[in-house]
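Chemist: According to TrEMBL, the feature Fe cation 1 binding site maps to H56, E57, H89, E90. Taken from TrEMBL, the feature Fe cation 2 binding site covers H207, E208.
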Amino acid sequence: MVPEKDVEAIGRMLVDASQPLKARFRALFTLRNLGGRAAIDWISRGFGDESALLKHELAYCLGQMQDECAIPVLIQVLKDTSQEPMVRHEAGEALGAIGNPDVLDVLKHYSEDPVVEVAETCQLAVKRLEWLQKNKEAPGTNPYLSVDPAPPAEEEDIAKLRNTLLDESCPLFDRYRAMFALRNIGGEAAVLALADGLKCSSALFRHEIGYVLGQMQHEACVPQLTAALERVEENPMCINLLILLQPFSWEQPLRSVSSSGVPLIAGEGGASLQCLSFFGGWHAGGWHAGAL
């Protein structure tokens, strides 16, 4: 067990806004891996920060830890309308990841939130919890070791999965299941099918596509990701995931994003340039690339 004073030192690094962002991210993921109440308490202190990218990852890590001690702060963040939509969204997704059905009423309430991305996330979290109640066994083998917002579909045909993925008349939960099935199958054909999802209308859906492609780190999707990253009108929900891919040729697109006139996008683009050296070397299963 790590001594309490060491956990405190790591926690202080996380919440110190004067520290380089890449050092704070390193502290965050160290706390996630350590686990325990003290780590959760330090992570929870970070939600007053100015960086939406950092707060998004705080919520993500709390969900991945699957510790019910994090439920109160995640509910608080979900309810806090002063938080950026991408942060509230991730808090809702984290509540679904923890897997405790006691949060169903809260998630159902925010399934009607006026912020579309928050509402859709909570709807998905409700579906995940209901699925878990009906399917007591684990959702299947996940080569990326992440807790996902939907279990993978059982279908293995890439063309059929692509059709479901891109069919906006299908329930979002079913499209997510197709998404994670394609990710688990892997390979260029699956990557290209997923990359087609970057053109779908839902910002939340594009955000999650970026997350999955970030996990896969396959060079075949770089043109589609670059095009998405350079869309001036792109929702800020979709800016922080793409930038955390292993940087094949990402530095110049990120410099363009960091000079964007949209404050959130410009700020996170600049922050992501700072984090490239950290995230570029991190194993795909060990970090969450935000969402652009």
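Even glycines carry a Cβ here, placed using N, Cα and C.
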Chemist: Pick from E57, E90, E208: which of these binding-site residues has the biggest number of other Cβ atoms within 10 Å of its Cβ?
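Modeler: By the 10 Å Cβ neighbour count, E90 comes out on top.
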Chemist: What's the CA to CA span in angstrom from E57 (Fe cation 1 binding site) over to E208 (Fe cation 2 binding site)?
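Modeler: About 14 Å separate the Cα atoms of these two residues.
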Chemist: Express the distance between the Cα positions of E208 (Fe cation 2 binding site) and H56 (Fe cation 1 binding site) as a whole number of Å.
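Modeler: Distance between the two Cα atoms comes out at 13 Å.
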Chemist: Give me the CA-CA distance between E90 (Fe cation 1 binding site) and H207 (Fe cation 2 binding site), in Å, as a whole number.
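Modeler: Distance between the two Cα atoms comes out at 11 Å.
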Chemist: Rounded to an integer, what is the Cα-Cα distance in Å between H56 (Fe cation 1 binding site) and H207 (Fe cation 2 binding site)?
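Modeler: H56 (Fe cation 1 binding site) to H207 (Fe cation 2 binding site), Cα-Cα distance: 12 Å.
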Chemist: Hey, what's the Cβ neighbour count for H89 (Fe cation 1 binding site) at 10 Å?
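Modeler: 29, counting other Cβ atoms within 10 Å of H89 (Fe cation 1 binding site).
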Chemist: Cα distance, H207 (Fe cation 2 binding site) to H89 (Fe cation 1 binding site), nearest Å?
Modeler: 11
Chemist: Starting from the Cβ of H207 (Fe cation 2 binding site), draw a 10 Å sphere and report how many other Cβ atoms land inside it.
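Modeler: So the Cβ neighbour count for H207 (Fe cation 2 binding site) comes to 26.
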